[in-house]
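Student: One structure is given below, represented as structure tokens, and several questions about it will come after.
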There are 2 protein chains.
Amino acid sequence: MPHFLTTLAADFETRFTALLGMKREDSPDVDAAVGQIIADVRARGDVAVLELTAKFDRLELTPETMRFSDAEIEAEIARVPQAEREALELAAERIRIYHARQMPPNAMWEEESGAKLGWRFTPVSAAGLYVPGGLASYPSSVLMNAIPAKVAGVERLVVVCPTPDGKVNPLVLLAARIAGVDEIYRIGGAQAVAALAYGTDTIRPVDKITGPGNAFVAAAKRRVFGKVGIDMIAGPSEILVIADGQNDPDWIALDLLSQAEHDASAQSILITPDEGFANKVVEAVEKRLETLERREIAGASWRDFGAVILTRDLAEAAELSNRVAPEHLELCVADPEALAQEITHAGAIFMGAWTPEAIGDYIGGPNHVLPTARSARFSSGLSVFDFVKRTTLSMMTPEALRQIGPGAEVLAKSESLEAHGLSVRARLDALNK
Amino acid sequence: MPHFLTTLAADFETRFTALLGMKREDSPDVDAAVGQIIADVRARGDVAVLELTAKFDRLELTPETMRFSDAEIEAEIARVPQAEREALELAAERIRIYHARQMPPNAMWEEESGAKLGWRFTPVSAAGLYVPGGLASYPSSVLMNAIPAKVAGVERLVVVCPTPDGKVNPLVLLAARIAGVDEIYRIGGAQAVAALAYGTDTIRPVDKITGPGNAFVAAAKRRVFGKVGIDMIAGPSEILVIADGQNDPDWIALDLLSQAEHDASAQSILITPDEGFANKVVEAVEKRLETLERREIAGASWRDFGAVILTRDLAEAAELSNRVAPEHLELCVADPEALAQEITHAGAIFMGAWTPEAIGDYIGGPNHVLPTARSARFSSGLSVFDFVKRTTLSMMTPEALRQIGPGAEVLAKSESLEAHGLSVRARLDALNK
């Protein structure tokens, strides 16, 4: 049974705070080991990467075979069935259209003094994308990471993806090909992150690294942050569903389970003002759990971290959701657009019963890389913004300097930064001559 | 003497690469000590903060006196001379106007199927701003951090600023007042960062922490990242000036020194195709160093990390600048707007000889918190974007689900995520009934 809370209960605040503070992830401390791996790759380059790949992935490579050749990629993707190829292409097209709208505009304006101010966006030159191997090797994640980079104008986009025992996921290669990835290497773990950040003889360094990974990959990303940019470090997935009583309980049950099946540490929360409906959803979850392929994982997640919260009304539901700041939020209510206006913190909102969150995971268009662990309070999902940076622009005129230069001089003096003040004063003196 | 390079030399590439890789900062390893301070503040709250303030700042406070009262703030800022007050107000106004233009627009559009897609920006609810005490207590930094937050719509903006031995900088309080800061606490160090991130009885927690600080503050920000958002961890400041021979050597010398005087680890680089001009600038720097108040710091920076690079032409200068990815870039050339088009990586560009970088530090309008240590390759200066987050929006219709639902189902199956596929299938089946 999931946690069951009602806002009418005297101990609600205590229990809700406990739910918010619940520690769901117990990541092993691999930081010291990762530090050694990074130091090794920095010192020995390709040799270290190849040794570590032999050790962890049981795969003997050479500098020449580290990278997938075009012929290998073609041979692998030829094995992908037509239905999956078409689905990936449709998804890619929709993700591309959505993200193309995100491209932020440059700006430049002129003040009365003739001074010009503005900014310009430029793409990151080279980006690396980590793609996990094995079970969590998701072609959809390749699209979600690679397409925003290419839309932003990243010239060189590199994928690293481990192939333990040489096992390759052809869908990952196809997704990379569709998204326009330029280089694909069959390496993974902290050694792949280090190779991307510092470069080796075979792999030129990149400027930014994104993509999900295990504890080693997360620790390596944290360590190379600063040398290169990184995206967020994702935690276990979450969904919060606000539903009124007019929904099909089985649909809502499946939406809750579609997060729970990701990971035993995932969290699925239903908030509803309708107690009878809540009970029906719980029953529907139990029934689906009898047959679901990943019932062990989904069942553990639902039992340990799942929650059902009864509220007085939908407004109260929105307030509680804002305190959770969920990664995914479904609004299965009569007027979801109105309720969405009350939402202040959420990674993504799925409005109405015809928008199961799985649509957003694959094919809706918005990104599925979203802030977890309540970080939607201060951060956003992956986007084109992660692959561009902004340069501010200023161009003064003599008249502008005459107007605002003295103020800068006063402030420089007040901060005891004499040369700052003098650099303005020397110009003002030339104007006054 | 600064480093002297010319692109015509056979060993140029080696020397330039060495210049790029030069380690300028030797930060002490305070991470373990910071870990203990954070744990202490989490466990004992106010009591720990007060004890640590007594120890590090030699200041006995109580929960009541930790926060500046309105009366204290009024009394302190009454001491600020009129000229400084007016300069701060002018700067604030210009910074506000520039950043107001950054507010990103929301978007929502409808597809042919009736599906709606888009996104919405919402502000971070509460932000904390670290302001160093002592020498590096810069009122200009208060404006640069606080104004973008308030423009973004942050409701609760908190400043922490240590006051060692009780010494207060009235300009910092005035800047905070002008910028609309809501609460000011006289605490600092890792204990202040921990209090902002985790909260105490007196200080409610915030969602995002920005602002510069010493090694303890930087380590604390790294550690609380994830629990709250943080801005970048800034390194020592840098300027790169591209100048033709038609400049006043003294102006350029002062611009180089205005970075060098910040910190012995700062770096000032001149790139010019004109050797005669380069020599004149070096002479002018030496002459100014004879009398400059901060000549010891500026001299050490110029001697250890300063560089003059001779190029064949301005195009080559731009290429080298892009490899440096400087925090501040001055283009003191005849057509700076044209040369700016060649710049792909820089935190801020100052165009033309009438735009000394000090204008941007104080009063131009753009932010002076900019990416250091070559991180302009992948990151941007502080802006309104740091205080908002984006929620993606999706709303399908039965027709939209009919069109794209089957693709999502195919992809879910290919990733062995059955419940994802079933959540779509259950709805498609209802449509087909």
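Any Cβ shown, glycine's included, is placed from N, Cα and C.
From TrEMBL, here are the annotated features:
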| type | residues | note |
| --- | --- | --- |
| BINDING | A:Tyr130, A:Gln191, A:Asn214 | NAD(+) binding site |
| BINDING | A:Ser237, A:Gln259, A:His262, A:His328, A:Asp361, A:Glu415, A:His420 | substrate binding site |
| BINDING | A:Gln259, A:His262, A:Asp361, A:His420 | Zn(2+) binding site |
| ACT_SITE | A:Glu327 | active site, proton acceptor |
| ACT_SITE | A:His328 | active site, proton acceptor |
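Give me the structural setting of these features: burial, nearby parts and distances.
Tutor: For A:Asn214 (NAD(+) binding site), other Cβ atoms within 10 Å of its Cβ number 18. DSSP gives A:Asn214 (NAD(+) binding site) a coil state; it is part of no helix or strand.
Around A:His262 (substrate binding site), the C-beta neighbours below 8 angstroms that are at least 6 residues distant in the chain are A:Pro236, A:Ser237, A:Ile297, A:Ser301.
For A:Gln259 (substrate binding site), the same-chain residues that are 6 or more apart in sequence and have a Cβ closer than 8 Å to its Cβ are A:Ser237, A:Glu238, A:Ile239, A:Ala266, A:Gln267, A:Ser268, A:Ser301, A:His328, A:Glu357.
According to DSSP, A:Glu327 (active site, proton acceptor) is assigned to coil rather than to any helix or strand.
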Student: Does A:Glu327 (active site, proton acceptor) have same-chain partners at least 6 apart in sequence with Cβ under 8 Å from its own Cβ, and which are they?
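Tutor: Once residues fewer than 6 apart are set aside, A:Glu327 (active site, proton acceptor) is near A:Ser237, A:Glu238, A:Ile239, A:Ala346, A:Gly347, A:Ala348, A:Leu370, A:Pro371, A:Thr372, A:Ala376.
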Student: Out of A:His328, A:His420, which of these binding-site residues shows the lowest number of other CB atoms within 10 Å of its CB?
Tutor: A:His328
Student: Using a 10 angstroms cut-off on Cβ to Cβ distances, just flag whichever of A:Asp361, A:Glu415 is the loneliest among these binding-site residues.
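Tutor: Among the binding-site residues A:Asp361, A:Glu415, the lowest count of other Cβ atoms within 10 Å belongs to A:Glu415.
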Student: Near chain B: which of the binding-site residues A:Tyr130, A:Asn214, A:Ser237, A:His328, A:Glu415 have their Cβ closer than 8 Å to one of its Cβ atoms?
Tutor: A:Glu415
Student: Would you count the other C-beta atoms found within 10 angstroms of the C-beta of A:Tyr130 (NAD(+) binding site) for me?
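Tutor: Around the Cβ of A:Tyr130 (NAD(+) binding site), 28 other Cβ atoms lie within 10 Å.
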Student: If one looks at the chain holding A:Gln191 (NAD(+) binding site), which residues at least 6 apart in sequence have a CB under 8 angstroms from its CB?
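Tutor: Within the chain, A:Gln191 (NAD(+) binding site) has Cβ neighbours under 8 Å at A:Ile37, A:Asp40, A:Val41, A:Ala48, A:Val49, A:Leu52, A:Thr53, A:Phe56.
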Student: Can you tell me the CA-to-CA distance separating A:Glu415 (substrate binding site) and A:Tyr130 (NAD(+) binding site), as a whole number of Å?
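Tutor: Just about 45 Å between their Cα atoms.
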